[in-house]
Each structure stands twice: as structure tokens, then as C-alpha cells.
Amino acid sequence: MGCCSSASSAAQSSKREWKPLEDRSCTDIPWLLLFILFCIGMGFICGFSVATGAAARLVSGYDSYGNICGQKNAKLEGIPYSGMDHTQRKYVFFLDPCNLDLINRKIKSVALCVAACPRQELKTLSDVQKFAETNGSALCSYNLKPSEYTTSSKSSVLCPKLPVPASAPIPFFHRCAPVNISCYAKFAEALITFVSDNSVLHRLISGVMTSKEIILGLCLLSLVLSMILMVIIRYISRVLVWILTILVILGSLGGTGVLWWLYAKQRRSPKETVIPEQLQIAEDNLRALLIYAISATVFTVILFLIMLVMRKRVALTIALFHVAGKVFIHLPLLVFQPFWTFFALVLFWAYWIMTLLFLGTTGSAVQNEQGFVEFRISGPLQYMWWYHVVGLIWISEFILACQQMTVAGAVVTYYFTRDKRNLPFTPILASVNRLIRYHLGTVAKGSFIITLVKIPRMILMYIHSQLKGKENACARCILKSCICCLWCLEKCLNYLNQNAYTATAINSTNFCTSAKDAFVILVENALRVAAINTVGDFMLFLGKVLIVCSTGLAGIMLLNYQQDYTVWVLPLIIVCLFAFLVAHCFLSIYEMVVDVLFLCFAIDTKYNDGSPGREFYMDKVLMEFVENSRKAMKEAGKGGVADARELKPMASGASSA
């Protein structure tokens, strides 16, 4: 499938020139067939769970004896109270709905099929008996008649825990759920570790419910700010990059100076205290200030060295950001690309969760230790869970890779079209068409490679969470190191995959050939890549921070006039997280466009020199950068050797083309 080729084919590949958009052929077909077979397997899991009755048990619900509510059931051998006719009992009622098993993620309570959910709180057994006589809905076990609720000695075990909370059926799933969600405070406290008492939890939840209109408005504000920022970056890219650079330098110098000043001030201050504890605290603070000051100094020196090396390549970053803004003007549908990707992911995740719920209720009826029915899968089919989890990762990565390939194809079409007036009517749709017709196999292969790295990392993270507090320091260090290494490998592969997709969009080559070609180009322009990935990514990160801060500030100002609740923490966290997610989605598209433009620019300067027959494809802004680089190279050749060597790769590549 392309990765292990012979030496002769490698030599031919190294001599092969880039021919943008000239030929188009199908790539990595075996991987496409493998992906289709895998998706068929995912469909089989869903079909199996539905065919075995799991769909009816999931939607209609079932009691603790295996009877599906709302229908007539067949008798299960050895299970008492099974095979009952529940045609008139359509809802599942739990005797103790607040008794949650956090480890196994289920309700530890007897479940019964009832005709109606108690809409009002029932405080005594007399109220439960009256509810059964009035509504025909018996809330106690099947072997206890309503007339015996107040007289039987077994009522405390066979009847619901008092008081019975008011409940309402969940739409489409026919479960009686308590109306007051404080019933699940214990479960919420396990998920939200900073909540220490129920009163705080109630105020947080009431704050969210009361401010839902404000939260929705702030989320829309973050969306608008993200789109505005993408337009602003295009027009002030040159000024913005230099402003950020100056601010970073001044900030590092100022922070370092303040730390040394605080250290010197505290060191000169007289030690008047005679309390040993306070003296020890003062010494610890002085030592901490010294460590911070030294660390800040080292960071500042390294930052200056990086700025010194990268100063001549900031101009290329500015030019690429400027051209990226033009790309969004010519290809406005790029702005909506995150929406389509998010919509596709939401649809797949909804399907995946629904199938997961089906799997949770499929299998054969088995009697547990308490004498109740559980449905379990036995044999090889019990490993469908693992297959389903791998499908979540691979198909999600496949959808994200399709977005990368679509964006790369559209930007490549824009870049390598000399007359921008002759662009296709919808370059995005044309790119999607090429992706579906030719390159789905390449996307499947690239996403599978990411999956191979992501799964071991997730397994190690799960092991680390399970062993938390039990493993020794050495094992903990090894686990964290492995997780960190796999995370770094995943990020590197993501970057290489993105450039491989760009190479495939240009030359229509398979994944491994495209990855190798892109890697060669990136190595030849390593310093430029470093400049773009430091200056450019840092600028986009500050843009994300700006959107989050602006949305958070607007949220504080709006919530200040809302007097219906007292705690703002959860609404602000929700808004800020959503704002960061939206900003990341939009600016990651911008970052992707910049990376694609850079690879196209590097290829353009390698195989074209501006002479007749080898004209550049690039924008005028990038041409100005090339001309300025050539002038700087000539001046450096007269005055010194170092700078000439630094600028040589582009010029020599252009002349050798």
C-alpha cells in the first residue's frame, strides 16, 4: 500500500516534479475498502442490538424481572414475575431513584412497570395507596396488593422509599424521573469535584437555568467575534504580528525585572519577627522568588535568541496571513466549514451513543445475586464494545481528516490558479467532489494512523486513573512519560498528515508518497516552518484568548444586572468554554489555510523562478517577499556569509528548477 517501496521507485519519486492539479487518480483504494468493511461492522453491531430486542428495552424500558413495559411479555424460565402483561403499564418506576451506583453507572433500585408517574410528592404509605386506587398505578412490588400497603410488614421493603419524589416521564424513553434534580446531587458532586455541599450545587444549577438566555446570547457573541477577528487579521496582520512581538518582549523584560526587584526588596527587608514559623515562611518565599527570577531570566534570554533567529522570517508569516485573508474573500464558504464538520460529528456521536445504549440492554437474560434480571452478552460478541470504541475514534478522526482534505483542496485550487477570475464557481464543493471521487482512501489511512496512536494513549490514561493513589512514584512517572510521548507523537503525526493531504490535493499521490514529499519540503524549509508555527500559532492563540476574555467580560457585565441567583461560576465557565471552542474551530481553519499556503509557496519557489515558462503562481504579496529576500541575499553575499547561507535554499531551489 505504498509505504515500503523499492529503491528504484524511491529514486524515481525523488526526481518527480510537482505537477499541481494536472492529473487526478484514485489513491489508497485498499484502505478505502478496509474502512468500508469496518463501517459495515459498525452497522452490524447496531443491527444486532436492535434485532435482539434491545431497541424495545431501551425505548420502552423494562422492570427488574425482564418484562418490557407497555407490551405483553413471554415467560423467562426460572425468573419469577416474568411474562407479565404490561400493556396498560407504559412507564418504568424506580423504588429508590436517587440510589445511584457511580462505578457501574446505573440506578441501584428495583424497577417496576406502572401506569402513571406520581406527579406530586407522596409522603406516606397512605398517599401511595390512595395514588394506586385513584390512578390505577401500583408503585409497590407486584406481589403486594394496594389494599395491603398500609398493613403489610413487608411494605418498607416492597414499597418505594418515602417520601416518593414528584416525577415525570422522560420524553420518548418512558422512565419516571424526579422533577427535582437535587435528587442526583450525589452524582453531580462526583462529577463536579469543587462542590462540597448541596446548597452550592443548587445555586449553581439555578444560576444556569435562570441565565440560559444570557448564556445563549454570549455564545452567539463569541461566534460573531470569531468571524470578525478572522476579517481583522487579514487587514492588520503586519501591525498585529509586530505589536504582539513587542508586547511579548516587553512583558518578559518587565516580568523578569519585577521578580528581581521583589527578590532584592525582600532580601534587604529587616527580619524583625522572632516567631520561627513566620521566619521559615519568609525564607521559603525568598527562595521561591529567587527560583522564579532565575527561571524568568532564562526564559527571557531564550526568547531573545529565538526572536533574533526568527526575525527575518516574520515577514513570511505576515505575508501568508495576508494571503490567507484573501483566500477567505475568494472562498467565503471556508468560514462555514467548522459548522459542517461539527454537524457531521454530532450526527455520528448521536448514532454512536444510541448504539452504545442499545448494547447496554442487549444480550440474554441472566438472574443476578438479588434475583433480578440483567441482560449480558456472552461469547465473542461481548468484545463488540471494543470494536465500537475503536469505531468512535477512527470515524471521528476520518471526519476531521475529510475537513482537512477539503480545505487543502480548495486552497490548492486557489493558489495554483494563475487568474483568480477563472476559479471554479464553488471551489469548496469542487474539493469535496475530488475528495469523494479520488481520495477517501488516503483520508481513511491517515485517520487510522492517528487512531493507532490515540488508542494506546487513552488506555494508559485509563490505567493511570484507575491506579491513582495505588502506584508508586516510579510507575506514575513512567505512565505519565508514556502518555506525554504518545501525545507529542500524535501532534507531530497530525501536522504531517495535514501536509500529506495537501500534497495529495496537489499531485494526487497516495498517502505515503505524499507524506514523504511533504516531509522533504518541510525539512528544506525547517526555519520557515518554525517561524510560522511559533509566531503564527502564538498570534492565533492570543486571538482565542482575546475572544474568551471579551465574552467573559461581557458575561460578567450582563450577569451583574441579573439578581435571580447568586453564583456566576458555572454560567461563566460554560460561556468561556464554548467561546474557546468556537474560536478554536474558526482560527484552526485559518491556521490550516496558512499551513497549506506555506507548502504551496515552498513548492512554487522550488520549481519556479519567475522566468518565462516558469512564472510564479503566488500572490503579489508573496512575490514582494521573494524579491526582498533576493535583495537581502545579494547584500548578505557582499557583507557576510552567514545570512547568505540562511537565505540560500529558496534562491538555489528556484534557480535549479
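Backbone N, Cα and C define each Cβ position, glycine as well.
Whatever TrEMBL says is automated annotation, not expert-curated.
Record features (TrEMBL):
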- 29-51: transmembrane segment (TRANSMEM)
- 214-233: transmembrane segment (TRANSMEM)
- 239-263: transmembrane segment (TRANSMEM)
- 289-308: transmembrane segment (TRANSMEM)
- 314-335: transmembrane segment (TRANSMEM)
- 342-365: transmembrane segment (TRANSMEM)
- 385-416: transmembrane segment (TRANSMEM)
- 538-559: transmembrane segment (TRANSMEM)
- 565-587: transmembrane segment (TRANSMEM)
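Note: the stretches the transmembrane segment (239-263) and the transmembrane segment (29-51) are not in contact (fewer than 3 CB pairs below 8 A, sequence gap of 6 or more). Remark: the transmembrane segment (342-365) contacts the transmembrane segment (29-51), by the rule of 3 or more CB pairs under 8 A. Below 8 angstroms of C-beta separation, residues 211, 214, 217-218, 221-222, 225-226, 229, 233, 240-241, 244, 248, 321, 568, 571-572, 575-576, 579-580, 582-584, 587, 590-591 of the same chain, each at least six residues beyond the ends of the transmembrane segment (538-559), sit close to that stretch.
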